[in-house]
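Record features (TrEMBL):
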| type | residues | note |
| --- | --- | --- |
| ACT_SITE | A:56 | active site, nucleophile |
| BINDING | A:116 | substrate binding site |
| DOMAIN | A:12-109 | domain 'Pseudouridine synthase I TruA alpha/beta' |
| DOMAIN | A:149-251 | domain 'Pseudouridine synthase I TruA alpha/beta' |
């Protein structure tokens, strides 16, 4: 009988070719690519992979974290990482780090902080190098107004106004720890951090802040939307392709290699 | 009779789908995409586009500069830029800036400084998000040794050792003004600046510095290679996909919009 062992993985992926993290009938998911690669280390049976966050179709990841249990003896984590990176080819999914999962650790439920980056290409000309990686906004964005508006959303609130209709969370109460808007040349970056987010929360926040950046609404408006708790009053959901899941933090961090 | 006018363009493109800047029989070039788009503004006739640098197949550009003469009356440069960005679709070529070309100005011959960036992804795991944008080097690179070695190559020299066999330049004398190697996390970036470069010069320099970074050669080796003027003694030509043509500078800069 082979020993079963649970591994933690840090994943990088290009969201473009996938229906999202989660398995679905209508196309290939990151989860399926990972599980089918892991089957090669699990007597041919795809094990269940659980992720810290279920990213939507088109959303990228630099630092998604997942856990997977396989029956491959006491395989060192770097060998698991290398085997997965061999078998996930040619899909744009790469295990960047691996570790033996700590006792009692859950990729999803032990996470204490999640970080996202949203990239906006803010210029007249359409993107060439960053197609599929940015939201292209042609009108000039006032990032100082966006940043000021964002600061009024920090803290613990009912984020119903920024939640997808499909969101399955029991409560819309969340604590937003960071929402920064900055510009580097033609690129505007929104950085969002919280223990957890509602479905579409970051994209709805970005779409709402963009209305402020374009001068169509004042910097006090996003806070009024928040207080109204009415999704229909917020801005559009910013496109998936600008979003990247950057990191997950744990109180007990796996010993990554 | 329609007035002919010469325009300067700053171009961004993804090198992956192209045979390079220059028109060739064996596939689509950036030049062809641009000239065919410009034909729509030139009575259906593709005008000649001349670039500051003829990038190779797979090499990207953020700041290539080209000039083109079209018979479209006194069309403002921003209208030329927008029309080109409409007609180059869906190819990953975008005119980021445009200007009326100054009297006597040449995109190629008036350039006084050219800048390139070479990106190396230096980690075990293969790239997922940066496929086609980086050279993947698995062994740990000592970037301080690389940077030190690079500094010994600055100044005016005969760069025959770093020149492609196919290079058509009359002389191999060039003045290398900047060759910096720095690390940001898993990414190693080489920044190269000169008035002009020989064919494959940046990629040959990077391939040679990588030998130092991997510890296979000492930091004094690239200078010895330079002094030997023998291409067969240098390191490999680093892959095209890590290279990006970042900027071109002129003494008389076009009035970009």
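Backbone N, Cα and C atoms are what each Cβ position is placed from, and that goes for glycine too.
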Model confidence over the domain 'Pseudouridine synthase I TruA alpha/beta' (A:149-251), as mean pLDDT, sits at 96
The most crowded of the recorded positions A:56, A:116, judged by neighbouring Cβ atoms within 10 Å of its own Cβ, is A:116
If you measure between the CA atoms of residue A:56 (active site, nucleophile) and residue A:116 (substrate binding site) and round to the nearest Å, you get 13
Secondary structure split (DSSP) over the domain 'Pseudouridine synthase I TruA alpha/beta' (A:149-251) reads 33 helix, 32 strand, 38 coil
Simplified to three states, DSSP reports the residue listed as 'active site, nucleophile' as strand
The DSSP breakdown of the domain 'Pseudouridine synthase I TruA alpha/beta' (A:12-109) into helix, strand and coil residues is 21 helix, 30 strand, 47 coil
